[in-house]
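To keep things clear, I will list the structure first and then write my remarks on it.
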Amino acid sequence: MDKIVLESCRFYGYHGAFKEEQTLGQIFLVDLELSVDLQAASLSDQLTDTVHYGMVFDSVRQLVEGGKFILIERLAGAICEQLFNEFPPIEAIKVAIKKENPPIAGHYKAVGIELERQR
């Protein structure tokens, strides 16, 4: 299956189980892998034959920066639901969300989750 990929999209949001996360906010890194049939676009060179990744980015930004979820698992689920609703050609989605600086002690690059959903 063909794919459209958006990597390390950076957004500022107020999601998390800790009070500090909900009030101070933090950076969220979002990776998306969208399964889309790109056959027509690969032949036509027409934007109408694909999913516009700029519009995908804006849709995800609205959710991450405008919404508020306790769990990033729920945020990822909401991203999948919204993208399926807005972009009918998307057949499957893999979304990963990472926090680089959650309020937990320890040494790590990031913590996060990954979901895969199909229509």
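Cβ atoms here come from the backbone N, Cα and C positions, even for glycine.
Among the features that Swiss-Prot reports, active site, proton donor/acceptor is placed at LYS99, with the record citing similarity to another entry. Annotation for LYS99 (active site, proton donor/acceptor): same-chain Cβ neighbours under 8 Å, separated by at least 6 residues, are GLY16, GLN26, ILE27, PHE28, LEU29, ILE72, ALA110, VAL111, GLY112. A strand conformation is recorded for LYS99 (active site, proton donor/acceptor) in the three-state DSSP classification.
Feature annotation from Swiss-Prot assigns substrate binding site to GLU21, TYR53, ILE72, GLU73. The DSSP secondary structure for GLU73 (substrate binding site) is helix.
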